Amino acid sequence: MWILCLLIHALADQKRHDYSPNEEVILWFNKIVPFNNPQESYAYNKLPLCRGERKERLYSLALGEAIEGYELYDSEMDIKFMNNIQIQPFCSKNLNHEAITILVNAIKRNFWIQMYIDNLPFWSEIGKEDENTKDIFIFSHYAFIISYNNSNIIKVQVMPGNPIRIYDSKRSSRDITDISFTYSVSWVPTDIEFRHRFDSYLDPGFFENNVHWFSIINSFVLVILLCGIVMLILYRILNKDIERYESQSDEPMDLAISSGWKQVAGDVYRPPDLLIFFTILYSTGWMLAWLIAECIITCILHPMYSERGEFAEMMVVAYSLLGIIGGFRCGEYYCRNQGKRWKTAMFFSALLYPAFIAIIGLLLNAIAVMYSSTQAIPIVSMLEILSLILFVYLPLFIIGSLFGRKYRLRYPAIQKINCISIPILKEKKWYSEPAFISLLGGLLPFGSISVEIYFIFTSFWNYKFYYVYGFALAGYFLFILSLICVSIVATYIILNSEDYRWHWVSFISSGSVGIYLYIYSIYYYFFKTSMTGLFQFSFYFGYTGLASITVFLIAGAIGHTGSQYFVRKIYNNIKFD
């Protein structure tokens, strides 16, 4: 799987173009974005600014670029490699009242233009608002500073200048204005190698500061200590329980103490309630857990921030290929629990999560279309994704499910499942209530990754390139450890209260970390960002909601797997009559 994804990455690796002197260098206008709303992007041609007119020079988008909302237009600026330009006319614009109103609103909302040269992104303000007079100015000159090393472009900067007032706050006037736009180009040699040219986009002062290091080390020590304490306590308690049960086995039935987790031995291997639905969640969670692990390791081996849309494309392709793992888990788990409707389980397990993503995606896409945003995914790209699902993902899922049915694990043949289940105690101690255990369980796993969540949120919502995948891998490892510990403790508590319904408790107690993630996203939106408007609100909570559901499934599947091992282990170690 990783070899296939690395091959995909290699095919889309940095396109190293060796320029010749005076060779044409294309400057692409991409999207315009209000600084505080990173998802609210619009096509550059929505503003009455200079742009190229040759439609044949429009950039053909790859799948990942279309998903991430790119829309590139050739600026048609006359830029030649190593050819300095002092001041060159770009275009002249006769701005009427409507055009000025559009520009004034864009500048007030702090819109920025994203541009590309040789796959290097850079940004420029459209204009500025005077803090004192509240007059609005538009920049009419762009000074490009391009650094090069031999025949390669290494760095691009733009410095907007020559502001022209288009709105007088005192007169509240937006008169018709003729503006001549110009640009200049300066070529500067540099010693930076091509393979290091993206280093200037990274922010080691933010991602690699002492706080980040201290937090990850602190989380590591905390999780290891807690896991050790939990394992030690459970080991001692279980040993005492087993010794007590063994001593009781020789006593007459009326003298034996009948309480504790041994009493549900004849029911503990009962299938969970709503077996098909549980299988859907379990198999989907396992597939997504592998997807996250694959993405992190692939990014460690080959960082994916240097190519537009590469990460999104890798996620789609990897998800399709991992269908075989989801199918295997579905077939294995459902048949191990003696399910009879395996085709129904396979069908819904394969399609429920993609359908959920499709519903969220279509709703957000409808909002993007309503706003005429570049975030609206084209029909062609939707068909590409659908083709991957139908012709790659589904066949692999079916194959995996058939293998899972054939090579499934079997519960130990210690004792037959009782024909009639034992009654559940109605009165329990407060800490044995399934609802309490389930909700409280997610706190520790969330605490183990809370620091990394902050950095991931900040990079995604604040124009930073996330590149510290080693931190992400360490956080993922700690996350898995904490999930297993929490789920095992929850399972022991529920079994010791003589309640055999441990499956859902083990899943939800670890999966509830997704609830805390969504609560954190609400806090982050209101206290860590300056986002405004329905568009950004919808996309923010749509994305974070999808992420929270995904984390819920991953955490639940990992936790439940740990609990399955725990249950088999403890019931293997006692003798039954």
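Each residue, glycine too, has its Cβ placed from N, Cα and C.
Bear in mind that TrEMBL entries carry predicted annotations, made automatically and left uncurated.
Record features, source TrEMBL:
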- 213-235: transmembrane segment (TRANSMEM)
- 274-305: transmembrane segment (TRANSMEM)
- 311-330: transmembrane segment (TRANSMEM)
- 351-371: transmembrane segment (TRANSMEM)
- 377-403: transmembrane segment (TRANSMEM)
- 435-457: transmembrane segment (TRANSMEM)
- 469-495: transmembrane segment (TRANSMEM)
- 507-527: transmembrane segment (TRANSMEM)
- 539-559: transmembrane segment (TRANSMEM)
Selection from 213-235, 274-305, 377-403, 539-559, the stretch that has most Cβ pairs under 8 A to the transmembrane segment (311-330): 377-403
For the transmembrane segment (435-457): best-contacting stretch of 274-305, 377-403, 539-559, by Cβ pairs under 8 Å: 539-559
Folded-back contacts onto the transmembrane segment (469-495), same chain, C-beta under 8 angstroms, at least six residues removed: 207, 212, 216, 219-220, 223-224, 226-227, 230-231, 234, 237-238, 261, 264, 268, 292-293, 296-297, 299-300, 303, 431-432, 434, 437-438, 441-442, 444-445, 447-449, 451-452, 455-456, 501-502, 505-507, 509-510, 513, 555, 558-563, 566-567
Outside the transmembrane segment (539-559), six or more residues from its ends: residues with CB under 8 Å to it: 39-40, 281-286, 288-289, 292, 329, 353, 356-357, 360, 363-364, 367, 375, 441-442, 445, 461, 479-480, 483-484, 486-487, 490, 506-515, 517-518, 521, 525, 531
Same-chain residue ranges lying at least 6 outside the transmembrane segment (377-403) that approach it to Cβ under 8 Å: 61, 63, 66-67, 316-317, 319-331, 342, 346, 349-350, 354, 361, 365, 368
Close approaches to the transmembrane segment (507-527) from elsewhere in its chain (Cβ under 8 angstroms; 6 or more beyond its ends): 278, 281-282, 285, 437-443, 445-446, 450, 453-454, 457, 461, 483-484, 486-487, 490, 540-541, 544-545, 547-553, 555-560
